[in-house]
Amino acid sequence: MAAGDGLNSKAQQPINSYIQTQTESTLPSQPQRPASIYHAADRSANQSSPSFISTISTNNDKNKDFDVGEADERGISHVDSRYSRLNRPLLLCAIVAAISSINYGWVIGSINIPSLVIEECSGGPETWTNGFPSCIPMSSTLWGLVVGLTPLGAWAGSMFSGIAADRFGRKRMLMYNNAFYVAGALLSCTATSIAQLSIGRFVSGIGCGVAANVVSTYNSEASTVRSRGFLGGFQQLMILLGVFFSQVVSIGLSDAPLWRVLFAISAAIAIGQTLLLFFIPESPKFLVSKGKLEESQAALQKLRKGLDTSVEFDDLLTTVEASKDDSQPPSPSMWQVVSGKTEIDLRHLVFSALFLMLSQQWSGAKGVMFYSTEVLSETFHLSDEEIKQIPTIAQLLTLGIGGVGALAVIIGMHILDKVGRRSVLIVSSFATTICAALIVVGSQLDIGPMVATAMYLFNFVFQAGAGFIPYLCASELLPYYALGSISGLATSVNCLTLFIVSFIFPILDKAIGAYLFVPFIATNFVTFLFGVFMMPEAKGKSITEVVDEYKGPVRFVAGPFSRRQQPESTGAISDNKAN
């Protein structure tokens with residue numbers, strides 16, 4: 001959720017005062033600090049230099065393709081921070097923030113490999129040592145509920161995380177959120193009953209939901225224009241790395257009572273991140289929204305070490321100033337945006353954002369992450385004795401699935417801007433459909449290697465496109481005034497769908513066995529059809545261009561049935577909002 005962009009009344013006066021000071025006092029006819037590329041482009045020997053604010057408003061579009069390096073009036077070389085690529089300080093800060101996403105992946109991945117040991121006591125009969133049982137036997141339905149409570153907790157966390165991040169700040173909220181990870185880990189690793197394990201998973205899930213919103217918000221607000229696409233997929237990459245790391249460690253910690261240590265590691269990750277968070281700056285945009293202008297400027301400079309941040313900071317000031325312009329109507333409610341009752345009809349774009357977040361979870365990919373060990377154990381017909389011999393072939397194959405997923409996201413992030421979102425989604429969802437069909441065929445023919453290979457391919461082609469594109473869609477398709485409310489709704493849809501899939505996956509496995517992936521053939525094919533006929537393409541387009549092209553009711557926008565909206569001239573208010 002991109003939240004916290006409004007200003008309170010106390011913050012308004014410092015910003016106005018700061019802008020006036022910058023315009024009247026610090027910007028005489030001859031700049032006293034290295035000029036930005038805007039000043040270099042528009043300077044005149046017989047004219048005084050314009051203020052940063054006025055220069056931005058008049059020259060933003062025509063200079064956006066300038067090189068990042070340029071010399072000022074004195075021949076001093078400098079770099080405009082807005083167009084810099086991903087630098088080391090920004091990357092390190094993004095990594096520290098994304099440790100919460102790694103913990104997210106750890107929470108959802110750590111329960112996969114030891115699942116049979118915990119729920120079916122496959123390591124041996126239940127015994128008690130020092131007051132703790134070696135396993136917690138339960139039915140597949142109850143196990144599905146225990147697993148599903150994590151995404152249900154994530155839904156709960158996503159509901160309040162935006163408001164909390166607006167109040168406390170992005171960095172501080174990540175610190176506070178680690179309390180949920182620590183509490184959930186302690187409850188899970190000391191669980192003596194199904195109820196305690198369930199509560200622990202739910203509490204850890206709250207931490208996952210908060211992380212899903214706040215990490216993406218922090219990285220988006222800290223990123224440069226050129227790094228925004230990479231950092232947009234960064235969160236999904238970190239989640240998958242967390243899954244992979246948890247599965248690597250699980251190989252040695254799956255037996256009783258070591259699976260408890262596996263759950264406890266989440267607390268160690270949270271504590272470690274809390275210490276590291278003291279060394280990264282708060283989001284500059286959040287600090288400006290609270291009127292903390294000097295702190296914001298210092299934070300921005302820390303993220304852009306060695307670069308000229310003057311114009312980027314002034315651009316940030318004007319953006320926040322515009323959000324409080326009294327001439328603008330109040331931000332529309334969620335219902336107004338969803339129902340198309342805003343000045344620009346956003347129904348098709350809202351539908352696309354919500355559909356993509358829904359499709360990400362109904363693909364069946366998370367089912368593979370949660371239950372691949374159980375499915376592969378059945379596929380290879382492992383006996384009780386073979387299951388006790390850790391690591392089993394099913395556990396080793398599960399480890400590889402996590403690694404393949406992380407590699408796929410890296411590849412997808414590099415090709416996305418070259419090929420386009422729509423094309424990547426079409427290919428990814430169609431390939432996922434084919435792989436789901438191959439899993440069914442292999443299961444029906446009882447060919448274990450074929451099922452395992454198809455699972456690897458399934459996870460790879462999904463994560464390379466359909467897995468991370470939904471995290472980018474809202475910020476690329478929706479104007480800023482609608483982004484906050486719709487992002488929260490989309491995250492809620494995503495988490496609730498994940499809860500349903502996580503809960504019914506083991507039930508379906510017991511009920512239909514070899515045909516487990518038949519429903520996912522259908523759902524992934526629906527996503528493919530959406531990509532072919534309805535997916536908006538945001539590659540190389542500004543938010544204004546996307547909104548102008550795809551505004552209107554839900555409809556086909558590609559293919560023989562497409563009904564494109566004719567571009568219309570929108571008013572000044574609409575253009576200002578869309579940007």
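Numbering starts at 1 and runs along the chain as displayed.
Keep in mind that glycine also has a Cβ here, set from the backbone N, Cα and C atoms.
Feature annotations, courtesy of TrEMBL:
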- 9-33: compositional bias 'Polar residues' (COMPBIAS)
- 44-58: compositional bias 'Polar residues' (COMPBIAS)
- 89-539: domain 'Major facilitator superfamily (MFS) profile' (DOMAIN)
- 1-58: region 'Disordered' (REGION)
- 90-109: transmembrane segment (TRANSMEM)
- 142-163: transmembrane segment (TRANSMEM)
- 175-195: transmembrane segment (TRANSMEM)
- 230-253: transmembrane segment (TRANSMEM)
- 259-280: transmembrane segment (TRANSMEM)
- 392-416: transmembrane segment (TRANSMEM)
- 423-442: transmembrane segment (TRANSMEM)
- 454-473: transmembrane segment (TRANSMEM)
- 480-508: transmembrane segment (TRANSMEM)
- 514-533: transmembrane segment (TRANSMEM)
Which stretch, 90-109, 142-163, 175-195, 230-253, 514-533, tops the Cβ pairs under 8 Å count with the transmembrane segment (480-508)? 142-163
Quick one: do the transmembrane segment (90-109) and the transmembrane segment (514-533) reach 3+ CB pairs under 8 Å, ignoring pairs fewer than 6 apart in sequence? no
Given pairs 6 or more apart, does the transmembrane segment (230-253) have at least three Cβ pairs under 8 Å with the transmembrane segment (175-195)? no
Answer key: the stretch among 142-163, 259-280, 392-416, 514-533 with most Cβ pairs under 8 A to the transmembrane segment (175-195) is 259-280
Chain residues in Cβ proximity to the transmembrane segment (259-280) (below 8 Å; excluding those fewer than six residues from its ends, i.e. six or more beyond): 92-93, 96-97, 99-100, 102-103, 106-107, 110, 114, 117-118, 132, 171, 174-175, 178-179, 181-182, 184-186, 188-191, 200, 204, 207, 246, 249-250, 253
